[in-house]
Amino acid sequence: MRIPVDSKIVKSVELYKWRAPLWRLDIWPFVGLYGSWLLTAAPQLDSTDAGIVLGSLVLSHILTWLFTAWSVDFRCFMHASKVKDIHSADVCKVIPAKFSGSKEVVPLHQRRIAPGEKLNGLRDGSQLLTGKQGASSSLAAQASEEIGFEYRKQQFIYSEDEGKFFKLDYPSKELFGTYSKFTGYGSEAKALTAMEKWGRNIFEFPQPTFGGLMKEHCMEPFFVFQVFCVGLWCLDEYWYYSVFTLLMLILFESTVVKSRLKTLQELRRVRVDSQTLMVHRGGKWVKLSGMDLLPGDVVSIGRPTGQGSEERTVPADMLLIAGSAIANEALLTGESTPQWKGSIVGREPGDRLSVRRDKSHVLFGGTKILQHTPDKGGPLKTPDGGCVAVVLRTGFETSQGKLMRTILFSTERVTANNWESGLFICFLVVFALIAAGYVLKKGLDDPSRSKYKLFLNCSLIITSVIPPELPMELSIAVNTSLIALAKRGIYCTEPFRIPFAGKVDVCCFDKTGTLTSDDMEFRGVVALNETTDLIADSTKFSSPTVQTLASCHALVFVDNKLVGDPLEKAALKGVDWNYTADEKAVPRKGSAQPVQIIARHHFASHLKRMSVVARVDDTFFCFVKGAPETIQERLTEVDPRYVDAYKEYTRQGSRVLALAYKRLPDMSVGEARSLDRQEVESGLSFAGFAVFACPLRHDSATVLKELKDSSHDLVMITGDQALTACHVAAQVHIISRPALILTPRPGSDEDSFDWLSPDEKVRLPYKKEEVLDIDCDYDLCLAGDGLNMLQRTHALELVIPVTKVFARVAPDQKELILTTLKAVGRTALMCGDGTNDVGALKQAHAGVALLNAIPPAKPVDASPSALPDSGNATTTQSDNAASAVQGSKSKRQKAITAGATGLAGTVESGPSVSGVVTRSKASSLQPSSSKTTATSQGKQGSKPLTPAELQREKLKKMMDELNEEGDGRTPPTVKLGDASMAAPFTAKHSSVRPTTDIIRQGRSTLVTTLQMFKILGLNCLATAYVLSVMYLDGVKLGDMQATIHGVFTAAFFLFISHARPLNTLSAERPHPNIFSPYVILSLLGQFAIHLTFLITVVNGAQKFMPEECIEPDSEFTPNLVNTVSYMSNMMIQVATFAVNYIGHPFNQSIRENRPFYFALTSAAIFFTALLSDLFRSLNNSLRLVPLPQPYGRQVLVYAGAMVAGCYLWEHFLRWLFPPPSPTKLRQRRRSATKSPETKKRD
């Protein structure tokens, strides 16, 4: 029975009950088969045939047993029976959503429900456990037990009423009024019940051993298949080749296991801070460890006071119900600016908490408290002077836990295009079955043939189709990109996204902090007095204007340093006022009265405004600032020039905020603090427009121009005003034609909109059927209200794909835009700063969060021609790359030490590094190394180092680098300081340059995967022919010959997988799919040319052979046909690599990929030497006989013709089947969605 699951990561589950061991389908049927063989086959057949039958039975039994380990579905079929009643089930099979993991069989667990406890899965928000807050009619009086399962550290509980599983409920969606009445668990019994339900607040996962992981890898299908192939080759007496292949496989698997262990060990260093907190339990404050916190606990949280006190890590997600705090959330969001967190005092008691929307009230697990202010007027008084908070989520459900889950479950081996790999192999299997059938038919026709050798040969033919190095090469293709990105400060927690980056056709960007700088410039104020001119001199501002700018902000002091929004700091500086630690704004010059802030109502994205209640002398004022269109609705009197004035400056790309104020009647400070926000922000008087300039980042225009020139559509998604967004979009090449903004039609219903130009000279009515026509002449811009209208009229999928700028959009609307683009078949990249872009970054195929830590390293040109001395190209490139990496690492170390990214938890062992888990050098974790480093630095400070000392330092640095980064073939270890929960890709840069790096590496991965499949396919087809038709003619390979063949193949694959992508993105795109007409026709055409070449040279060699019968099953003996066959096979292999290598415009060309170029050149010289018989001893060691002349020279000519034919065929197909062009795709999409009337008019 399949039961749905209400979750993003799990689609559904199926219920099963285990069979008794003897009744499993992989035991009793085979017991019967073995008995039948013993009673019938063994006495009646000869020993060879009986052995073949028994071998087949044993092999089938082993395969059946292995399939139960490989396939979850098969294991359930063999070991369990389906049940319909969940109470009868032992286990369930979890069917995850796409890209959320693989199927798993997990045990069902049962827990008795305590009296009065609420059922899980209620969608009415009543999710609290027990106590005074939880008594209602929805209690689980009739239910005695709770049934659930755990999948990837997430708990799911079955709801009898709804008939499906829900995620384990946490008290994170209650009413604000409910939270404000929390007093914690009233008794120890209730706390124990909560502990049974939610468990301890720890990150607990098993730490596998090297042997355990190696066993898991050795049980995988490809590895078992490879070992089976090695066994077959041994039976056919290819000992050297078999041992070489087996060692290569074990070495590769060991490297992968080592990489996984390194990542898991790094994650185990992170744990919940074991600090002691004050928790309100049983009506009193008690001391408890952070690991013993439970959802629903009321705790006192804050930064410890006293000498040497440090920021305190928040042990769980908490809601502030009294007091305020300043937190550093760089780990989670990449936002380096400390965030102000306020209590829920003042929120409507009937409003429901949304953690995403109301994050200004939530302290997230793993972040650090820099400063706190307790609220002494609340009902609960904390004994240690901390803020009062309610624990919402613990363990792996916290924000830090979610990030750990992402990293933990992305350490599995990755490959590109799995379903296409299977389809491609099935295509090759068809040819192998034909070849094996041909050999089997011919062999059975000859009664003298050994059936053992015949079946062995047929097995070798079929297994040759699936090359042993396939998983190895596919993993290398992805891992190479992971390593290249990590060296540029870009970390990927979901490696399967890299091929998606190569298919991206639309790039979306946030504006503020992404395309533009975080640093704001205060230009002045528009007062709307006699003129609408900008006043830059702050001495000419009115008193309310100055007071609003000086006091209406969220700036705070942390460690005697003013921190906060750069815009607000620029405004304070612009009016020449100071802000003090006691929340008072004072002028630097003059005799103006200081402004004392009494209460703050912080900025909310859905309100688009903020306000403060302040006291000037003995008079109370409300000062408000926000979006001009929002403030306009709250003014008592609106100047007729209001709209034109702010639009004039937004068209120039300025950020414009409206300022307003009102004087309050006489009241006490307590009354002023308790004023309702709605009352504070209504009935206002206008105080001017504050105009700010937000300069572009230095390379934003260059990077976006490169993306546009490389066949990508560009889109801006911002919360800023539409006119400002259009101005900036024009500067960075997102829009290049006249712009039209979808605006509501004045005085009409809510679904009446017009397309309006920024200067308001062009106005066109919005009609759904005319959107595509308008798109032909204009670049379109949508605002948030326009999106709402499109959603109501079901026009999202028509308008969003042709829109260039989205302005005034809320975070959930950003997510809607990305899901719509995905729905219409676009492959989207989203780049943002990780704060309010999290939803969109997660929805994009390639989401890139910028952590604003270090500038990107200057790209190293992949082309030797770009270097001054091409002769030293390789050395120069490596030195440049090494210096860039070293430079970025040293900068990253400084940034991490400063606390920008290191909020990962507590390190269990080693010297204290402020609780930070980072990509630090080994020296920072080992005291002895630290001393050495300090000593060397001291020496450097006192006198210059000698050449010997410099060389020693350089060697030490190289060794440290090798120890840290591994062997260069394994993916880098992603750590909590390197990744954010915001996106699959995390870039430690403030520039948008990482987007081009990610797309270049994505295209490189796609291209490398494509050429690998083609090369492997051609090699397998040639091998199948040699093992079938030519084998029957007596052609065989020697053991040393097969080994040399394998070494060549492995070396060539290694060289092509390490080709670096070009720095410039091309307008041409790579082919997105492996299974396509271009690939199939290329394979068939080249195979036909190879086949012709093979048949020609072998037939030519047979003319020089004596007429004698060569037995196919005889031992290998050197002769002319064997020699020519081996050498022609090697030539085909080298030609396959050379012809199918895809260089420009994506990767280095063959000449630029020096190792590959030298390998090809060496192979050509090697074959010429073999054919010319220049080194007889070499030919003898390979068991090759001399070729009669001029036949040897003819073989060289035929080989040249074969290479030329393959080259011409391959490039003809590349011309005939070009990759899909975005322009053609857009035209096709436009014609498909045009209305019949438009098509008729066209």
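Please read every residue number as a count from 1 along the shown chain.
In case you wondered, yes, glycine gets a Cβ from its N, Cα and C as well.
Nobody curates TrEMBL annotations by hand; they come from automatic prediction.
Annotated compositional bias 'Polar residues' per TrEMBL: 871-888 (among others), in sequence order.
The compositional bias 'Low complexity' annotation in TrEMBL covers 897-906 (among others).
Feature annotation from TrEMBL assigns compositional bias 'Low complexity' to 920-930 (among others).
The compositional bias 'Polar residues' annotation in TrEMBL covers 931-940 (among others).
Sequence annotations record features per position, and here TrEMBL assigns domain 'P5A-ATPase transmembrane helical hairpin' to 21-84.
Confidence annotation: the domain 'P-type ATPase A' (276-406) carries a mean pLDDT of 83 in the model. What TrEMBL lists as domain 'P-type ATPase A' is 276-406.
Marked as region 'Disordered' by TrEMBL: 860-948 (among others).
The region 'Disordered' annotation in TrEMBL covers 1223-1242 (among others).
The transmembrane segment annotation in TrEMBL covers 21-39 (among others).
Here TrEMBL flags 51-72 (among others) as transmembrane segment. Long-range contacts of the transmembrane segment (51-72) within the same chain, counting only residues at least 6 positions beyond its ends with a Cβ under 8 Å from a Cβ of the stretch, are 26, 30, 33-34, 37, 41-42, 45, 78-79, 93, 102-105, 219-221, 224, 451-452, 455.
According to TrEMBL, the transmembrane segment annotation covers 422-440 (among others). Outside the transmembrane segment (422-440) by six or more residues, the chain places 454, 457-458, 461-462, 464-466, 1013, 1017, 1020-1021, 1024-1025, 1027-1029, 1031-1032, 1074-1075, 1080 with a CB less than 8 A from a CB of the stretch.
The transmembrane segment feature in TrEMBL is assigned to 1013-1032 (among others).
Among residues of the same chain six or more beyond the transmembrane segment (1044-1062), those with a C-beta under 8 A of the stretch's C-beta atoms are 241, 244-245, 248, 469, 473, 476-477, 480, 484, 862-863, 1000-1001, 1003-1004, 1008, 1011-1012, 1015, 1019, 1037, 1126, 1129-1130, 1133-1134, 1137, 1141, 1143-1148, 1153, 1155-1156, 1159, 1163, 1182. Feature annotation from TrEMBL assigns transmembrane segment to 1044-1062 (among others).
According to TrEMBL, the transmembrane segment annotation covers 1074-1098 (among others).
Outside the transmembrane segment (1155-1175) by six or more residues, the chain places 1048, 1051-1052, 1055-1056, 1058-1059, 1127, 1130-1131, 1134, 1137-1138, 1141, 1182, 1184, 1186-1187, 1192-1193, 1195-1196, 1199 with a CB less than 8 A from a CB of the stretch. Under the heading transmembrane segment, TrEMBL lists 1155-1175 (among others).
Among the features that TrEMBL reports, transmembrane segment is placed at 1195-1217 (among others).
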Remote residues contacting the transmembrane segment (1013-1032) - C-beta distance under 8 A, at least 6 residues beyond either end: 421, 424, 427-428, 431-432, 435-436, 438-439, 442, 457, 460-461, 464-467, 469-470, 473, 1049, 1053, 1074, 1079, 1082-1083, 1086-1087, 1090-1091, 1094, 1098, 1112, 1125, 1129, 1132-1133, 1136-1137, 1140
Contact set, same chain, for the transmembrane segment (1074-1098): CB under 8 Å, 6 or more residues outside the stretch: 417, 420-421, 423-424, 427, 1009-1010, 1013-1014, 1017-1018, 1021-1022, 1025-1026, 1030, 1033, 1035, 1121, 1124-1125, 1128-1129, 1132, 1136, 1139-1140, 1195, 1198-1199, 1201-1202, 1205-1206, 1209-1210, 1213-1214, 1216-1217
